[in-house]
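This is the structure, below, for whatever I ask next.
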Amino acid sequence: MSQIDRRVREIIEGYFGPNVDDAVYAALKPWDLKGGDWLFHKGDTGDALYFLVRGRLQAYAGESADDSTRFIGEVRPGQSVGEAGLLTGQPRSAGIRASRDSLLIRLEKADFERLAGEHPGMVMKLAAHVARLMQQNLAGQQQRGGGFSTVTLLTIHDSRRARNAAEQLARRLADENGALWLRTDRLDELGAPTGASVEPMELPERLKQWLADQENEHPLVVYQCGPGDSAWTRFAVRQADIVMAVADTAEASELAPIEDRLAQAGVNAPAAQALALVRPAGTDIGGTASWIGNRPVDFHLHLGEDGDADLARITRVLSGRAVGLVLGAGAVRGLSELGVYKAMVEAGVPVDWVGGSSIGSIVGAAIAHGWDPDKAIDVAREAFVKGRPFSDYTLPLVSLIRGKRMTRLLESLVDADIEDLPLPYFCVSSKLDRGEVHVHRRGSLVSAIRASAALPGVLPPAVVDSELVVDGAVLNNLPVDVMERFPVGTIIAIDVSSRHVRQVDYGETPSSWAILRSRLLPFTRRQRVPGLATLIMRSTEIGTLLQSRAHGERADLLINPPVRQFGLTDVSAYDQVVEAGYQHAREIFANWTQP
């Protein structure tokens, strides 16, 4: 009995118990699926049951894998798909696609019904399995974008710089994360079976099975490939949870020959696709748009030839240990996030991905520039205290403030394209007419921040793709849900929204004249009424308080700096606000261990 036959028997007995009739095995048919191919789509007829012997499948609520928010979950060896459709006769409720080369066994509906008539217990056991799956799905949570178990590093340029970068990444993953590092010249020493394949661009079956066994035995497997087209490269691309193309930015940015050949041969990267842009030592990041514009990458990362910190960051991303920092809205109180960032750096907690809403988009931009905390704090002080971005008042037809001064300040301090930032970055704004969250990941950083921080009534709306957008806090005050789409293993969120209930000492809101008199006349009791800008900001904030709490609970660490005593527009308290965030976070990180 072959190893595959033994594995099939183990799977079938796991579902239907020992002593399964030989007629069941006779009805099973092998079913090969290449990585990237669909097994079936949502809405298809439920005409068969499948058991996965080798490989990996992914389930999607829609037919397209492009919409990552529709991802349901993974199917691993030993598991089955298609049970519900077989039992109920209903169309497929989800689409199933191979995320790598997979071997399944198929039991057609007619054969199942015939066997069930002879062995009625089969139906009950399969129904019990479906019930367990439904129970697990009800208890489950949204999966994050990380958690890769197979990584393919594809060097697309035949340059020393690209080769060295790929080898350094593979070596780090092996040395620091226990990954099995596979490369054609390492197979013999690892004891892999060798031999000729029947097809020139396919690996031998014995080698495929050996590689599948390695994936079962190791938490992370790294395939390293060069820029040549080969059976090894094609298999590794189809087999990966993520394919990271390693490119030399000294080369031309158009598709490399290996990328063209793989596309022409129909070799798809079924799961995540990433791009590592390796730049020569001593050069600045630039021109990233030309590299990612013609490639269907999910994300890109920058790697300096002499950048050990960059290498460590990419290693964390690929091994599922990356840290994502989410920065919430909160006007001046949100500047406490700079103090939290300083405490993180002092505690040795890395920031690998950063995203924010409203004021969080501004703080996040400083962090994504790679500035050390002291520089970020100094730049923000220059912008908010000395720059007075909220002082260019205008005729209040659309907003209280023109926003020109703020735009000029941003252009002088953080002017860049988002894709050229050293750290991956996003911010969110709110589409005024559609009522949808817009995620900014490319293009002008200044334009993205202006959109994310366009507080309705205070600053004029921004224009994105010919649509009006306003402050991100209107729809998403703390975008933890957006960060979950990216390959981060740990999410730290900072929420400065206030839960404090204000008590007032008047029966009805005083008139504007009464408020003015209380502020001008020395012996008149001061009326404690929030200003117009504060009212607008707080009104925006309360609309997403419940959502912020729910998002905060999904973070691995939620930090709430004690800043409610500071006014939302009180820039004169800048240093106290930053210090409050710093001291609060210092205590937290002194006793915190990353999951």
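Just so you know, glycine gets a Cβ as well, placed from its N, Cα and C.
Annotated active site, nucleophile per TrEMBL: Ser358, in sequence order. TrEMBL lists Asp471 with the feature active site, proton acceptor. The domain 'Cyclic nucleotide-binding' annotation in TrEMBL covers 24-133. The domain 'PNPLA' feature in TrEMBL is assigned to 325-484. For 356-360, the entry in TrEMBL reads motif 'GXSXG'.
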The residue listed as 'active site, proton acceptor' to the residue listed as 'active site, nucleophile': how many Å between their Cα atoms?
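So the alpha carbons of the residue listed as 'active site, proton acceptor' and the residue listed as 'active site, nucleophile' sit roughly 6 Å from each other.
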Which number gives the other C-beta atoms within 10 angstroms of the C-beta of Asp471 (active site, proton acceptor), all protein chains shown included?
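By my count, 31.
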So if I draw a 10 Å sphere around the Cβ of Ser358 (active site, nucleophile), how many other Cβ atoms end up inside it?
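Around Ser358 (active site, nucleophile), other Cβ atoms within 10 Å: 32.
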